[in-house]
């Protein structure tokens, strides 16, 4: 009791008083109000002196504590002492209570007068401290009195609200549950609607003192007296702290954290006169109490509340002690376990009940602002049941200033208007200065296949669950869900384990579960290890969950024995702060595990209720919205999109407090499910309407209690602001505004306004986009509201409620479910069988913990490149994730899959980790601990496939060349043997991550090349390839999950697969073409085992696709390398569109057939299938001229195994496309000509190096060049590039390129490459979709350096067909089965499927693209396949139509294209297709009747027929519309000279896809299905074109048309495509005349439209989709009619049967009568 300083409470009171001086009238009014309340509740407790008008009460300013004795309340403390449960260490409260009873309200004045009279000197400190303590304790007493007053019976906690969040689990008798009455106002806390749930967070802690002061702040001083004082006199505070009124105001506003005897400014520096006094001693001196009081105390004092925090702060200030962190060797199970802090648990233990009732949710925004004086703060409006705590609301929050036409900036709320994405701290193009997008949130990010930071939860992912785990992050990710809560259920429940409960003196009630399990460590062949799984729970909401290897625990017992270690030693090591002595073994009752499940899973809820308010034009207020009696058509349309209307009466699923028995809450409501969640919407217009009640309480009682509310605005509605809403429960508003309602162009804008303490949540709203009405938008919105609800539960209000509930559960367990047994120290586990007598002994190893499956944690400092700052973080590395949690915000700021880590550069105290495409994370250890970095590197070696980087200084040769090619991804595609680069150690497949200290991830390909060309000294940091020569790639590159996954509706038909947004820019790769490409399908390097995804990977792995034409620039400036585009993972939903390769792990972009489209396939799950697919897809027969190139490498191997016959090198195929535009220059860089035959050579069959694999596919545009003199590849001579309208991306044009024949060597590579490329190019076309017809040929140009010459011919082949059409055939690995519906459903229209590139979901039967495996691969097999496909039975897939349709055989096509081209011969020589081609089955594209050019004739290719397809089986085919797979694949052609050249073309992009290949056959002209809805004029044009087949141009045109038709058929053809097709018709010469040098122009022509192409395509697709939907509707109607007829027929049949029976009976009777009559007569 010796603290000589003024108490915090005094200062607080004074500060408030100062604020009040300005407005005496208001003060009096308020005081009267409070006095009345006070008297009402406490009977005689409040003396008349409470009236502020009585100046005598002031105590004359100088009065001391003796100033008057207040009447003691007879029903006050004394009457209720018996109610206060005794609690140890509680003496202080009683002391205060007694003090309170002995003094009057005037004691408040005494405090003021003491200070006013200058009693601040040392001499007066003792009494002053006494006053302080009395004062504080008195306050507690008041709080207790209120809580335990007779009003307690009104405790409304159980009826507080209809919300699911109600704390009904809390025992009403709980001493902490004292919120029945608000101590500040004396009013019952139960409120109406929204306010019902505001939790009055006022407990028995010292905070009540300040709350009381606010309630009676003026009563104790006489305004006349105080008015005469100058503020300086009035506040003679220590000048070091608050020498001015400003400081006083700060104190009153709570900006100083107050603890008696201490001051913290901003929680930082210790301020106070007794700072010199040891922190602990100060606290100790203040807590002296008598034992009597201690026994009667109900709660610990304020000082004890802060005791631990104070110690902590002292430690930080004086000794720099780090915050608590778990043992390094403990492997955390999930993110929240890493955030577990036992210090916080101790610090908050006594403050669980110390919660002030504050205004929350929308009510905080709508509160009436109060004039602010010098020391002012917010006051609650009179009559409010909530007291606005000035400390909680220091300055009125002004909001974030973000407004638009949907939502206005609002105090206490934060708005999301678009463009807000996940925080990015790594160095990548997105946050580099050169990033042009300027948007932190792109389409891709909103549909990212990556787990968002807030979506990361469980870090320990079992090997067998990894593919499934990855599947879960597809599409929109559910965030802020503690999935780790299932830890106990998964690892303890139903298994032998031990539970211990107890009440720790520092931590309060605790519960520990521990289990010893045997863990097989695949890395340790010599034996198994034991693992201890631990779950440690305190009153904090975070739980310590994880495991520790037995070898990592120091113990007196031997490790690895059957007996195990003493549990006591394990617990003492893991949680040294826990008092083991307090623990008792849990009772052997089935209730114990059940209670623990409830406790752990308390925060999990998969049922949410969402309010929907309807805002008409001109409206904005709550009342107006509630009073809209009925819904308008726009709102009805929106509701129909969002969910299904259900009849409430008898409804058995989640009803969200709606009446399902008597219809008292309306007859119908809106219900839906999303993922694992059930959502019931409280729709304002479906709830009961009361004409005489403007407040519409029947509606508001539901919607006002919903945490998340959707505000639907019609056009013309005023911007929404939470200020207009009165509810403490509504924390998040999702505003949806409709545009063009009830039209075909209906679309929606979305905005969000969330309470400031609700953390941000996804999916992010892309900037400047509107969402077309689609399933994608529905999923986006549902994910948004689910995440909003989950995030809101992290706000202070709900956390406080959950914490109280949790504490009650724990207390119950510790008191009622324990035995007397303590923690066993004998190390005997009853569940360990004695049978295993052999004592496995695993010696304790150093760094044993680094082999743990869970997340090992280190304290690091990370560089935030987004904000150019260093942040302290916790680094966690598990077997699945690497993540960073910022210490200050406790938020995950970075996460990536361990499979995405490709390498690292480690220093003594820092490490730079590279992941995915070379993005980099820079970390340094805290306190320069080099041991941490060593451990981190070791851990990375164990859990990732990366390696240490190598720095090289490269020299130039005499020509200034560096001697290698690099593609757009930074992967070395070719190295000149024995050149300087080769001697320095650079090898094919190496990945450049830094060039001259600049991160490659931040550079475009052009910038990369410029750096390499212009730097005098070229220093590069490279990541070496895998042992098999394949480049290191992130799993997300190889197995990118499609941005938009196919979503199947309930009927199994895919919902529209369309981009969810409407935007002018192309959706595909939005910001950075280069990047996307990367992800694109580069094959997975590395061994199959590499990733779980592996199989997929492997496929992908097959090729390193060269950037393949990544070089080429689309008109919009983006580079669309086919491969990139097609497979780039980032292509947004549509981005990869057909390509989707992105999807596949295979990641092999171009060639790999693998690219499974199916998102599913992407996941490993598909892997096996994919592999099969690939294998199947591979053209076994195809002869890869050389050993199969690495492209396939892994798959190739498979394929080869399957079809040993593959002779042509797959890489060729893959190259084809690339080469076309590969930069000729690239060759320059190489300078060596070796590359020319590198194809065969480098990619020898065994060679993983397949250029494709390597990514050799050169970036088109010579990007491959080391940058030396690469010139962007342009089409060389253009043979007559075919512009496929659809851009069938006729790769074949590539063939033309060859025609160039300019480089024979090129040709060599090309043929195969061309093919593969093409197919894949078309896939790419998706990228092309952006409008560039995409010179596919560029792709081919990639030819590994050899092509460097970039034979012009290759370029020409660019057939600009927009790649988009996408070759993306997808073959599902499923292999035997047809993709569902692929074949059968016309709807898919392969075109559509292919096109889904754009992200459409197919509306009808098309199988989900995800399934399709890679069809793209064709390009890989591409040429072969294509050719073979052509040959293959066109009809294989089954549609005669498609057969008919199929395109010319490749040979013919080639001949037509370049009848005399020597290249052809060369190509042929290379492929020697016929001979080599084995009759493997070609991939069939499933023929849908619609596909126009499905394969035409088997042609000589029959042999190739055995393309993968067949192997794959129809189901593999993703899109059935096209001809059989084989058609999909580039057909193989005989080496016939002309044919050979064609080989690489990929024919049409999706539309024609395989058809294209078939198209070659001049004999048959494909006829589209009449139902296809083709434009006959186009058909006629096509026919004419056919007639002119002999001319290459015509042929090109024809192909064009065909592809165009195909697209149309697919009905996915975009408008631009159509237009393009028309243009082509108009100017056939257009496609052919492109100048060889105009490769770019070539692209551009088609491409010029590219900027708008995507939008056009999207619109077109939407139109098509609508048509399909209309057709579907009609079909359904017809079906209904037919069903009705059937019903009638059944009824007629029954009637006839009845009549027949009746007639029979009558006949029988007649017969009987007749015979009986005769008998009688007889």
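Positions of Cβ are set from backbone N, Cα and C atoms, glycine also.
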Residue from 104, 1193, 1557, 1591 to which Swiss-Prot assigns phosphoserine: 1591
Candidate annotated as phosphoserine in Swiss-Prot, where the set is 384, 1225, 1341, 1554: 384
Candidate annotated as phosphoserine in Swiss-Prot, where the set is 380, 589, 1082, 1209: 380
Annotation match for phosphoserine in Swiss-Prot, from 749, 1322, 1326, 1488: 1488
Stated Swiss-Prot location of region 'Disordered', expressed as one of 44-72, 73-101: 44-72
Residues flagged as region 'Disordered' in Swiss-Prot, choosing from 362-405, 406-449, 450-493: 362-405
Residue from 620, 1552, 1700 to which Swiss-Prot assigns phosphoserine: 1552
All-chain count of other Cβ atoms within 10 Å of residue 1030 (phosphoserine): 36
Helix, strand and coil counts within the domain 'PDZ' (951-1027) (DSSP): 17 helix, 25 strand, 35 coil
